[in-house]
Amino acid sequence: MAFLWLVSCFALVGATFGCGVPTIQPVLTGLSRIVNGEDAIPGSWPWQVSLQDKTGFHFCGGSLISEDWVVTAAHCGVKTSDVVVAGEFDQGSDEENIQVLKIAQVFKNPKFNMFTVRNDITLLKLATPAQFSETVSAVCLPNVDDDFPPGTVCATTGWGKTKYNALKTPEKLQQAALPIVSEADCKKSWGSKITDVMTCAGASGVSSCMGDSGGPLVCQKDGVWTLAGIVSWGSGVCSTSTPAVYSRVTALMPWVQQILEAN
């Protein structure tokens, strides 16, 4: 059953740079590794980070939720020997003003299950805080009772594959606009695998794909971009007619708040 590929993302409030309000405005065509996505405007998704191993290999995405914290997917298997790269757009360029941040602690949700991919969320505490700027800032976290109804057009970003059988991932950050899909419609594709800690989006001609995992699904709420989902899993061939599955951040907020308050 080729149903497992995985993705994830998060971010909190900055001092001078408020959460969820990019200094450089994103421009989405709405048509838009993301399969059938498009290049993002550099710096327009300032919470997007790249998780890289010590060789510099990008293996997952993530989201800044504050200067000190990143949210990603548990299935990414992040270790403290990995690094968080913030402020990046073109992974093939060495001209960018990126921040390479060490990870002090990895908090994987203890209820995460690799077989059901439930509770697919990990928080990373940074060893040194990110320096917020016009290209590095946080996404807003939702309230537990926030609702992102079916049909809401949201955005996902990442450096994941643009075709499931592509030999390599794109160098430039990709973006796509995609609608939230109802639980009932999502279950038509995925059945009982879908639970209350998941949300679905896509089936609209675009899809997240391998390498996007851990990155953000963001929706505009009261004028700010809010983290609704973390790229988790989906079609093994990144089908653009099947919804992709994201960790439902509202359902996981009690655990997030518990970790942030205790650390």
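Using N, Cα and C of the backbone, Cβ positions are placed for all residues, glycine too.
Worth saying up front: this structure is predicted, and the values here are computed from it rather than measured.
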Exercise for the section: Please work out, from what Swiss-Prot records, which of Cys200, Cys209 forms the disulfide with Cys238. Expected result: Cys209
Practice task
Provide the number of Cβ atoms within 10 Å of the Cβ of Cys209 (disulfide bond), excluding the reference atom itself.
Solution key: 30
